[in-house]
Each structure stands twice: as structure tokens, then as C-alpha cells.
């Protein structure tokens, strides 16, 4: 059976056809960047205190925060008691000890500061005090949607094609990001957010695999490691800039949904994957796409292009039966994604200005993606994967040690270490998505990438909960992240090497590589 990359070698690697596919796919990934971390701003909790109307002194109970007296967020003095004391001529705080006054909850609601945000869903739906658990739960629901979407998109894409799933996911994101604006309750917002999450990573997986199959050679490596991730990072950097000027959560959601409409013309620019068409026996359609590519690149196509270059169709069970060892190992390796999301959400709190901290967290991904691209070009996959996990582990341990013995919290050194950890985990995550696409044959590639991405979504689901463990034992998040880094590094030693090897077209080729 002829190798597909050799079959289409006459097209070259960087003609007009490849350029259009490359930049179009990178553009479709940008919404994932601002979509994945929109909740940093949508679910942030503004400063707040109990709403008291008609009485100024004393308004609320107070508590000490960082050496300063602040109004209590969840309780106030009983107004009827204050009213009776005032009627008798007593002044609370002077004639009556405040500690003796009875307290009650914020029965009249809350007053929210507008210093940073005009509104968030926390202030919109009062997700504070007894309802505070709903704030991290909202993020978890979104990522659960992404988890389910990653799993389903892989199977749908292998069955119905890369291109339809890609554009269906984009449409899902656009429609339901827009629909969030009209949420009348937290439950309604949660349902819409879950459906939005279904499309969030589905288009990333479909775009990653489509580009990996259409492009060849060094351009494929450039796209898989640097192109897709830079598209994500650009979207990530756009988010804090938009959020800075649009500080109302509804305006921000509306602004993030509108750009996706611009992708409609891409349907006529972007081809289906010829590899996938060949795997389904649709040789004539695959040849038509290749001949169109030859015309765009101004080269002469062969008279017979796809003779003896098809691949057999396989059912999903082969994904688990034949390459089961690779599948299980990848599930362990992708546990590292919990570190990526934990550090991403945590670094957003390292500066008093959330817009600056989010932008810094996004910018640090650029050198990480460049490093991943260079490593994919010149280094064996397994070696670099383990080196980057050792670096992550070192950062986690050093942060924990410094905090335990030197009381290092948010100093410049701690910030630098957090950024180094973000750099290393981002580099490793970027490499693993490209590495996974190289390990599986065409008929299973999107399913494999989707299921591996599903495992990574589990990490994103538990990241908000993992960070909250620091309230009980502040070193615990770093201990867990360090332990996961050890597991991932050990598991990666057993993955087959794909450096400087062609993409496998059949299960047999994959099994030979595993052995």
C-alpha cells in the first residue's frame, strides 16, 4: 500500500492550497482561546456586603482582612434591634457594645462594588454566601460539557467527516454564547453554558486532526504544534482586552459570539480530509480535492493519483482492542492537563488587576508553543515529554518547599515560578496533542484525539475544585500536581516513538510501531 504523503508529494508542502488550509484552520481555533477562560471574568466575585436601606450606622458587622476592617459579606446587625435602640436614644458602638448585637443574613440582598466589573453572573444571580458553591460549580459544568463534546466529536468526526463536525461545533459555540445573554436565571445560564461547552473543544479536536491529515512534512508539524496553539493563545490574549473595555458580562458574551459569524465563508475554502475520504472508500472525492489543490498550487496532477492508497474501515472497538496499551498510557499522560488549567486559573489571581494577570498568563504561552514546535522538529517525542514533566515537577516541589519553610506567597519569585510552571505544562500539553495525532491511523485518529482530549477535560473539570483545596491545606494543590507530573512522566516512557516517521494509515502499521 502506497504512503499517502508520497502519493501527494507532487503538490509540495507550502503552496497556495496549504496556506489557505493552514491559516483558515488557525483562525477557527481562536474562539477556543477566549471561550475556555471567559469564566475567569464571568464568574469572578466582586467585593460586596449586605444591602441596608435607610440606616447608616451601624450598617453591617465587620471583619478584619489583611489588617483592614471591612464590612461583612454575609451578615448584618438585625435592623429591628438597631431601630429599637435608636428609638431609646442609644447609639450602637458608643452606648451599646456591637458584639452584643444580634446578627442576621443579608435578607435584603447585597451591594456589589463596580470598581472592576459592572456586573458578573455572581452579582447577577447572587452567587455568594450560602450560594457561593454555585460559582466553582458553574465552571465545572462548562468543562463537563467540553468533556462530553470531546468524546462525541471524535466518534462523529471519524464517522461523518472532519469538516462537518468542525463547523457544527463552531455554530454551537456561536449560537449558545449569544444565548447566554438572555439567561433569566442561574439554572438557565447553566444549561446554556453546558451546551456551549459541548462545542468548545470539539472544533479544536476536529481542526487539529483535519490539518494534521491535509498538511504534510514539516508544515504538518508546524501546524500541529505551533499553528493550532498560537491560534488558541491569540484568542486567549484577546479575552482580557475585550473584558477590559466591556465590563458587563452580557456585553462581553455578546462580543465574543459575533466574530464566529465570520467563519461562514470558510466552508467553501476548507476541504474535507482526503485521508479520511480514502478511509471511507470515497476515492473519487479524495482525488477531486487533490486535483483542486494541484490547480491552486499551479502544479500538474498525476493522471491516476489514489491507486492503492486507501485504508480499511474499522469500528470503534478496534480503538480499545488493538492499540489498547497506547490508549491507556495516553490517558495517564494527559492527566497533566489538570496542571495547565489549575495554573491558568490561579495565575489570574496573582495580580490585583485581573485583566493584567490574565494577559500575562496568556502571553507566557507564546514561548511555550514555540518551544514545543522546535522540540517536535528536532527532538524525540518521549525524551522531550519526560524532560518537560521533570521541569514541572521541580517547579511544584520548589513552590511547596518555599511556601512551607519561607512563607513565600505572592512575591516576585513565586510569580516567576508559577509562570515557569505554566510555561512547562503548556509546552508539554501542546506537544502531546500533536504526538497523539502521530500515533494513530487515519480511521481512528480523530476518535483517539477526541478520547485523549476527553481525559484532559476531566483535568479541567477538577481544576476549580483542586484550587479550592488550598483553603484547607495550602500546599495540597502543589502536592497533587507534583504527583500527577510523576505519573505522567513515568507513563510517557512506554509510548512508541514517532519522531521522523510517517503517519500510520492502518492498525497494522501502528502495531508494528508499538512493538
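Placed from the backbone N, Cα and C atoms, the Cβ positions cover glycine too.
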Per TrEMBL, the range holding transmembrane segment, considering 73-95, 96-118, 188-210:
188-210
Looking at 454-474, 475-495, which one is transmembrane segment according to TrEMBL?
475-495
Look up transmembrane segment in TrEMBL and report which of 222-246, 247-271 it refers to.
222-246
Taking residues 6+ outside the transmembrane segment (20-42), which of them lie with a CB under 8 Å of any CB in it?
117, 120-121, 138-139, 142, 166, 170, 173, 177, 196, 200-201, 203-204, 207, 210-211, 214-215, 219, 223, 227-228, 230-240, 242-243, 249, 252-253, 256, 259-260, 263, 266, 269-271, 296, 344-345, 348, 354, 358, 362
Are the transmembrane segment (222-246) and the transmembrane segment (354-376) close, by which I mean at least 3 Cβ pairs under 8 Å that are 6+ residues apart in sequence?
yes
Can you say which of 165-182, 188-210, 325-342, 354-376 has the most Cβ pairs under 8 Å with the transmembrane segment (136-153)?
188-210
